[in-house]
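Down below is the structure, laid out as structure tokens.
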Amino acid sequence: MKKTAIALLAWFVSSASLAATPWQKITHPVPGAAQSVGSFANGCIIGADTLPVQSDNYQVMRTDQRRYFGHPDLVMFIQRLSHQAHQRGLGTVLIGDMGMPAGGRFNGGHASHQTGLDVDIFLQLPKTRWSQAQLLRPQALDLVSRDGKHVVPSRWSSDIASLIKLAAEDNDVTRIFVNPAIKQQLCLDAGSDRDWLRKVRPWFQHRAHMHVRLRCPADSLECEDQPLPPPGDGCGAELQSWFEPPKPGTTKPEKKTPPPLPPSCQALLDEHVL
């Protein structure tokens, strides 16, 4: 467990120790009507909103990193979700990385979060609000067992499941990434109400947070949506494949060279940075 905690901490702070990308040199949102441009892993945003860091329903972590920008739809989603959580007495929603002022590529920790439509949310709901020191150096709560096959019962709660379900039932949400063991527990607990599980997708890591992704806004004409998740609740063979040992000869994919930026994003960089 100690090794896992260290790995989680390293994941959350790694980006601070790497060289800045050009996008990190843009310190304020680019003026203009809100437009998400490109794909989630290769894009930018014009006219981003700033998530207010003061709220009765949520708290923003690591504000010193200035990653609390996004499309207005994302800001409204966070406010909507945290209000629903507050109404149900679930606790305070802890907001992690959204995007940078103009979106774009991070120097580490994320491949996506580039178009202002992604947010990481901790899977813990404190009843007592965190101090500023806790928010600046958050301690992730690893919900998954060391072998990765199930959640830790003492750390899992119906409130966490309710938070994920609330997010999945939001019309603007297209995907929620969680660890396969968390998805498995949601499948076990869901009962007959299962339509929302389609949006909850198993993915590597994501042991302590969920990564919520919104659909492209209708008026963001240069935004590239992902295909919809496959039909069904995703609780069958696809999910079980995540728990199978790697096939012999399987190797990690080579690191790919980033693709060219969408022209509008390159023009934005040319004007504001280069």
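Note that Cβ sites are derived from N, Cα and C of the backbone, with glycine treated the same way.
Swiss-Prot annotations:
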SIGNAL    1-19  signal peptide
DISULFID  Cys44-Cys265  disulfide bond
BINDING   His110, His113, Asp120, His211  Zn(2+) 1 binding site
BINDING   Asp147, His150  Zn(2+) 2 binding site
DISULFID  Cys187-Cys235  disulfide bond
DISULFID  Cys216-Cys223  disulfide bond
REGION    225-274  region 'Disordered'
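Structure coloured by features recorded in Swiss-Prot.
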| residue | record | Cβ contacts under 8 Å, 6 or more apart |
| --- | --- | --- |
| His113 | Zn(2+) 1 binding site | Phe40, Arg67, Asp97, Met98, Gly99, Gly103, Phe106 |
| Asp120 | Zn(2+) 1 binding site | Ile95, Gly96, Asp97, Met98, His209, Met210, His211, Val212 |
| Asp147 | Zn(2+) 2 binding site | none |
| His150 | Zn(2+) 2 binding site | Val144, Ala181, Gln184, Gln185 |
| Cys187 | disulfide bond | Leu197, Asp233, Gly234, Cys235, Leu239 |
| Cys216 | disulfide bond | Ser36, Thr115, Leu117, Cys223, Glu224, Asp225 |
| Cys265 | disulfide bond | Val37, Gly38, Gly43, Cys44, Gly103, Gly104 |
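Of the disulfide-bonded residues Cys44, Cys223, Cys235, Cys44 has the largest number of other Cβ atoms within 10 Å of its own Cβ. Per DSSP, the region 'Disordered' (225-274) is made up of 15 helix, 0 strand, 35 coil. Its Cβ taken as reference, His110 (Zn(2+) 1 binding site) is surrounded by 18 other Cβ atoms within 10 Å in the chains shown. Under DSSP, Cys223 (disulfide bond) is assigned to a strand (E or B) in the three-state scheme.
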